[in-house]
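Novice: Would you mind keeping the following structure in view while I ask a few things?
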There are 2 protein chains.
Amino acid sequence: MKEFDIIARYFKERSHVRRDVQLGIGDDCAVVNVPQNQSLAVTTDTLVGGVHFPNDTPPRAIAHKAVAVNLSDLAAMGAEPAWISLSLSMPDVDEHWLDEFSLGLQELTEYYSVQLIGGDTVKGPLSITLTAQGFVPKDQALTRAKAKPGDWLYVTGTLGDAGLGLDMLQGRMDVPPKHRNFVANRLNYPTPRVLVGTVLRRIASSCIDVSDGLIADVQHILNASHCGAVLQVDKLPLSEAMRDSVLAEQGIRYALTAGDDYELLFTVSEEQKGNLDLAMATASVSVTCIGQLNGVQGKLELRDGKERYAFEGKGYQHFS
Amino acid sequence: MKEFDIIARYFKERSHVRRDVQLGIGDDCAVVNVPQNQSLAVTTDTLVGGVHFPNDTPPRAIAHKAVAVNLSDLAAMGAEPAWISLSLSMPDVDEHWLDEFSLGLQELTEYYSVQLIGGDTVKGPLSITLTAQGFVPKDQALTRAKAKPGDWLYVTGTLGDAGLGLDMLQGRMDVPPKHRNFVANRLNYPTPRVLVGTVLRRIASSCIDVSDGLIADVQHILNASHCGAVLQVDKLPLSEAMRDSVLAEQGIRYALTAGDDYELLFTVSEEQKGNLDLAMATASVSVTCIGQLNGVQGKLELRDGKERYAFEGKGYQHFS
């Protein structure tokens with residue numbers, strides 16, 4: 001099959017259609033329109049087979065994750081997703097693989113009303129690069145840089161599940177049978193917190209998604225905002241699956257260092273706490289306060305209750 | 001070196017800065033603003049080491065080509081380039097390679113006032129994916145689909161040089177010493193026809209860039225516009241280097257089938273021919289009329305003078 005046939009059969013015909021797309025797949029460029037008074041948020045993430053996912057990951061999961069990772073970046077800016085471009089590098093044309101992959105892409109893009117507007121298919125080692133674009137009202141984008149001392153540190157959902165899922169699938173950890181699906185899905189089918197991100201626009205002072213691991217991602221906020229923080233390990237939200245699978249200390253380790261959870265980590269000023277509670281009252285995802293920022297620039301202190309919590313460990317680093 | 005250090009040292013500090021970029025490299029997304037009354041043109045291209053360029057290609061050339069290929073797609077829509085996102089997959093951190101690569105990126109992005117707004121660096125086989133974005137006034141984008149029977153077929157510059165350059169560098173062809181630099185540069189440092197593209201907005205009825213080879217790319221216009229064409233092989237613009245290196249018939253073969261020239265191929269109605277001549281009189285690149293469209297849907301006929309020209313050959317196909 002030729003490149004043009006692949007694009008037409010598996011991607012163009014299965015794409016969700018948006019009215020702001022003037023020209024989609026099939027020309028030298030896509031042509032799209034951004035609404036007035038909206039800025040455009042743009043993000044790119046690459047997933048390499050054997051590095052970011054085991055090569056035997058189901059193609060539907062690879063597609064889901066590639067989209068989710070990018071939508072999660074949009075969510076962390078408070079942006080509403082609109083379009084994605086896909087670059088798919090694969091060693092050969094496996095029609096079954098392509099069929100499953102494009103269905104995974106279709107599921108998530110339809111759910112979030114995102115249109116695939118273009119891309120490239122090339123022969124090479126398995127690798128997926130997605131660029132996602134979304135809208136955020138002018139001057140309302142959430143960044144990492146505007147947290148202030150005194151702000152409270154929050155996180156959505158539960159932490160560490162994806163890391164536990166990876167260890168389970170690779171035979172390093174035992175998980176009780178009733179939780180296995182849950183942790184595998186947390187790894188392979190993460191949920192980008194798109195709606196929460198848009199709700200946080202007027203409430204949060206800073207926001208990031210947890211992709212490198214909590215410690216690393218808190219540190220990104222601290223560095224960008226020139227703050228420090230105290231993080232309460234006794235407050236870390238752990239899933240029932242996590243609590244049933246590992247001892248408390250190991251659960252904390254997963255929550256602090258495992259990447260790939262794609263929860264939102266954000267800060268809220270004392271004055272906005274009430275608004276956060278109101279806004280989240282009807283949301284389908286929980287938020288948990290896990291600490292507070294202070295003025296000790298760049299320094300992250302871990303505590304268990306009132307005691308200092310000694311911990312050596314970092315988040316995910318690509319080239320360390 | 002860690003991912004964040006790589007991005008900061010080699011890419012962020014060296015990036016051209018534009019006023020429409022509210023937030024560049026360093027957060028979950030870039031945040032950018034599209035001017036009113038402009039649509040956004042978006043394109044993605046991937047270059048894989050060993051597939052799209054020999055692995056020993058100078059890193060400066062790889063960067064140049066990755067940017068040029070994407071800007072060429074924008075040019076083919078009549079769009080003015082604005083921003084690029086880079087995904088760089090590399091097997092390990094080679095600081096000399098990164099230094100040269102990022103300088104190549106810097107040269108071309110500064111020349112075209114393009115800002116690198118984000119991306120991803122990952123560990124994996126050498127591969128570069130770029131997404132480029134540019135502006136085109138609403139409803140003025142040049143597509144492949146609006147050519148009409150009777151329109152004239154034009155191409156910028158000369159054809160086949162990049163293909164000759166690849167064959168020369170890989171030892172399959174001899175090129176006289178005085179032309180070697182020229183053909184190597186046509187392969188490694190292609191010039192995206194950005195200015196010509198914007199000039200063609202109100203003149204051309206369709207446009208595409210020659211990346212898969214002339215025959216394949218003419219066919220894309222014919223298929224999208226439901227036309228046929230007669231292409232005069234005796235009119236194909238060949239460089240002095242080409243004419244000095246190969247016999248006439250082989251020159252025609254390069255011009256018809258070699259990809260990677262990144263010239264613009266476009267159609268102009270009889271009424272617009274005068275405007276084209278006027279507009280191109282002061283341009284630094286030549287344009288050549290190489291044929292005419294007709295109503296024989298999808299059929300491309302080659303002629304040498306008034307005689308039919310027999311030819312078997314196609315353009316570049318990724319998975320054939």
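Each residue, glycine too, has its Cβ placed from N, Cα and C.
Annotations per TrEMBL:
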{"type": "BINDING", "residues": "B:Asp28, B:Thr43, B:Asp73", "note": "Mg(2+) 4 binding site"}
{"type": "BINDING", "residues": "B:Asp28, B:Asp73, B:Asp209", "note": "Mg(2+) 3 binding site"}
{"type": "BINDING", "residues": "B:Thr44, B:Asp45, B:Asp120", "note": "Mg(2+) 1 binding site"}
{"type": "BINDING", "residues": "B:Asp45, B:Asp73", "note": "Mg(2+) 2 binding site"}
{"type": "BINDING", "residues": "B:His52, B:Asp260, B:Tyr316", "note": "substrate binding site"}
{"type": "BINDING", "residues": "B:Gly119, B:Asp120, B:Arg144, B:Ser211", "note": "ATP binding site"}
{"type": "BINDING", "residues": "B:Asp212", "note": "Mg(2+) 5 binding site"}
{"type": "DOMAIN", "residues": "B:26-136", "note": "domain 'PurM-like N-terminal'"}
{"type": "DOMAIN", "residues": "B:148-271", "note": "domain 'PurM-like C-terminal'"}
Novice: Which ones are near B:Asp45 (Mg(2+) 1 binding site): of the binding-site residues B:His52, B:Asp73, B:Gly119, B:Arg144, B:Asp209, B:Asp260, which have a Cα within 10 Å?
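Specialist: Those close enough are B:Asp73.
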Novice: Find the shortest Cα-Cα separation between B:Asp212 (Mg(2+) 5 binding site) and the binding-site residues B:Asp28, B:Thr43, B:Thr44, B:Asp73, B:Asp120, and name the residue that gives it.
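Specialist: Nearest by Cα distance to B:Asp212 (Mg(2+) 5 binding site): B:Asp73.
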Novice: Do you know the mean pLDDT across the domain 'PurM-like C-terminal' (B:148-271)?
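Specialist: Within the domain 'PurM-like C-terminal' (B:148-271), the model's average pLDDT equals 96.
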Novice: Please tell me which one of the binding-site residues listed here (B:Asp28, B:Thr43, B:His52, B:Asp209) sits closest to B:Asp120 (Mg(2+) 1 binding site), measuring Cα to Cα?
Specialist: B:Asp28
Novice: Taking Cβ atoms only, which of the binding-site residues B:Ser211, B:Asp212, B:Asp260 fall under 8 Å from chain A?
Specialist: none
Novice: Looking at the binding-site residues listed here (B:Asp28, B:Thr44, B:His52), whose Cα lies nearest to that of B:Arg144 (ATP binding site)?
Specialist: B:Thr44
Novice: Counting across all protein chains present, how many other Cβ atoms fall within 10 Å of the Cβ of B:Asp73 (Mg(2+) 4 binding site)?
Specialist: 29
Novice: Taking the Cβ of B:Ser211 (ATP binding site) as centre, how many other Cβ atoms lie within 10 Å?
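Specialist: Other Cβ atoms within 10 Å of B:Ser211 (ATP binding site): 24.
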Novice: With H, G and I counted as helix, E and B as strand and the rest as coil, say where DSSP puts B:Asp73 (Mg(2+) 4 binding site).
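Specialist: The residue in question, B:Asp73 (Mg(2+) 4 binding site), is helix (DSSP, three-state).
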